[in-house]
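Now, the feature entries from TrEMBL:
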DOMAIN    9-132  domain 'MRH'
DOMAIN    143-306  domain 'MRH'
DOMAIN    315-466  domain 'MRH'
DOMAIN    469-615  domain 'MRH'
DOMAIN    630-771  domain 'MRH'
């Protein structure tokens, strides 16, 4: 063994190597070196050479384990090997002997193989130093981090950490009746064991390989206390909270017959963006000491939004978001059951899956009525293939978390995983939006250990229709949409109440049309000043929509922010910003200038509009009977019959980017077809025309009436004209009727076309004034 190797016991077991076979071994042999010198070697590793009992050993070799004897006349000398290098007798040289133990299948004998200036090297084959296979580490315990009761689901996977750990700190306190307790850190992970940490004087290895919560005492002896391992998925506890339980921790200090366990209690907090556990030890006011249970309370947004599944309808593969109304149809991905999609995992198993359809290409009864089936290929023989169902089509449902759509299948074959929450195999297909993915196929993502859940990922353009359109937002389980206020034909105008020579043009979520004449063609808000010639100069941009931000305030109002405006009125290093606060009201309304905050370079506007109300609260639809609208809230009728029996021709003059004009005429009749002889407008109540061009922008059969506070809306949707800017909807016409006692029946006037293909008309009329209502 080389002298610079770690020290070992050559007569027993040390560092995992067994040298006990050397205890009774004694060798001697002779060799001739390169100088033709005869050398005798004597060796006994586990006891001293005995020159008394063995007269063949030179006397000078006594009291040594290894002896080297030269037999060439006057140069005879003895070299002894001791634990440290020994000075050669009768010589000024320091000489050592090194034995190199080499792995061998059988115990061999020492052999000379090399001399250097200061050492003689021997080699010795022995199985004692053969590397033994590293012990197989115990399986890492992870649990399916989802609570699912069949009708609701909460996914806590986002809280599980693959690097680093969550932690809580126990601050030492001193009271008159007690000494200061030890300073401790509690490390915790969610649904999986703790991750290793690499800090000076700190390690979590003593917590246990599967410990998911551990108390480490920093002061004193650095004691590690395993607080439990993940055993089961999250459950709804007796107090109604979603909780996670860890078991099989260290022995309970208060009762050696028990093991420490941990409960993690999750509480809803929509504003919590970090995990900051609060810990309660056994013996605190919340926990009985005898139970030996540690309690961690974690406030998180992950348990606030319960995802409700949408069961598959018969012969349908459509999902509609109950909040936004956006929908997707995946029926084009469905394949015949004998020709399903085939996906191979890294371990060589083949999964067959379908979308809203059955699979069973090999006809195995185990996959009868299945939507996902795993085929294990043991051999090439079809008779030796086994199948496992990963979920039935009849137990399938869509889940949507606001970003990703998942199709889950339950009640497959029996699950052998000890941590399965259902006892049956299941699977999920995660559909990812990719506008360029037209013919992508599913790919195997993972199989969650010990939970019998196979996960697949599928990129497709189809689910992009569920993405929130620009200028809309979801918050507090409500959907808000300002897209109708986003104009591509006109700008909203407001004047500074304290300075009539200052005016502002405002648009919503898009740049102003070129007809406004703002010097910056990308401006969403433009400040205009009137000169001495009473000409308006619109030269100052107050922000563009390239980095606009729409947010929901704590009071339930919407705030739209534009940035990158001109710095004319601000410090040189500041860019102008615009903030528009939208408040839910009873009419369309218009923006009002509020103030300019010069130190922050912020222009503030306020807009009272029903468009800032949650969409699902804007459904005050009125029933119509022969021109009479029933308002059930006040039990009164609105008589709109006089405005129905007339054809109106409304002109629009639109300025194009090249400063040319585009003139349209809107022919409309709300009681019969506007242009029955036109092929494209044969079913239209409103037809957009220009020369020979005709387009249905509101079909008569779709007419609906809504009361928005004091504003009556008549809404018609085209049956055949798709919106080019939003493929999820058809072109729509909206008439907004306002009370004007002096207007008579009145006539519609064109207001603007929104960025969402809504053609909006204003209509001043006496018919919706209160004194015209009929009881």
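Any Cβ shown, glycine's included, is placed from N, Cα and C.
Caution: TrEMBL annotation is automatic and unverified by curators.
Not measured: the values here are computed from a predicted model.
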Residues in the domain 'MRH' (630-771) grouped by DSSP into helix, strand and remaining coil: 12 helix, 78 strand, 52 coil
Averaged pLDDT, computed only over the residues in the domain 'MRH' (469-615): 90
Summary of DSSP states over the domain 'MRH' (469-615), given as helix, strand and coil counts: 10 helix, 75 strand, 62 coil
